[in-house]
Amino acid sequence: MKFAKKYATYMRGMEEELPAVGLKRLKKMLKKCRSHEGAAGRCPGRCSVCDGSFFPSLMNEMSAVVGCFNEKAKKLLELHLASGFKKYAMWFTNKGDKSHGKLIQQGKDLVTYAIINAVAMRKILKKYDKIHYSKQGQEFKAQAQSLHIEILQSPWLCELMAFYMNLRRSKKNKAAMELFGDCSLIFDDDRPTLSCSLFDSMRVDISLTCSICLDTVFDPVSLSCGHIFCYLCCCSAASVTIVDGLKFADHKSKCPLCRQQGVFPDAVHLDELNMLLSHSTFNC
């Protein structure tokens, strides 16, 4: 089955209707664009279809998908990490199922939702470049990354993967966690990688080596550009104290990897990932 059909089948089968990439509609736009190609067999330099419809539509859809995913993932993780009265209050407010199995399934569904939409976005941009003999699709992808609407950059994706791996360790959930045999923490020459596969051909690998100290991330944080570092290393790179924290970093400070500015103040502490790595290191 082609990806477009897999994607459509998956989105139709979801219990809740969520924002998605309109692959079918975007492909129709590209066909319309091809019907207006210039004499050289390419889209003209200024195209009302591409400039006025295709890219703006895809930008809006990407923003909606990432926003929805981040919001739902954050709520689910807050619920899992809450304790005592706060946890019961959140259950009551969200009218959620209290079973761990339900929590795990929600986490699995969100990870799948994130990855399959990321693949959909990349495929339609690749098709755009193929039709236009251009690199505009890849340039748009880079722009999306700078705007933080590339879903694989979301810190909540990494946290969700760690979330259900943490639950897999629970004896109470041993049977339910068989659902998550496609996610793993791999150590290759002491270099840890968080890996998740979807279907037979989709795979996401997240390196857990801090590019500053070149060791396994300790007390990990994810910058808004999606890169993960140790908290201490991040504070050092941002020229702030660990007491003040990254929210006091100068907005001109740049990510040590991608050199984007203003990525420190909105950094996210990866608590689930920290628990996963602590347990794995202890067992080693």
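Glycine residues also receive a Cβ, built from the backbone N, Cα and C atoms like all the rest.
Quantities reported herein were computed from a predicted structural model and do not represent experimental measurements.
Copied over from TrEMBL, here are the features:
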- 1-142: domain 'SPX' (DOMAIN)
- 210-259: domain 'RING-type' (DOMAIN)
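Under DSSP, the residues of the domain 'RING-type' (210-259) split into helix, strand and coil as follows: 11 helix, 8 strand, 31 coil.
On the 0 to 100 pLDDT scale, the model's mean across the domain 'RING-type' (210-259) is 94.
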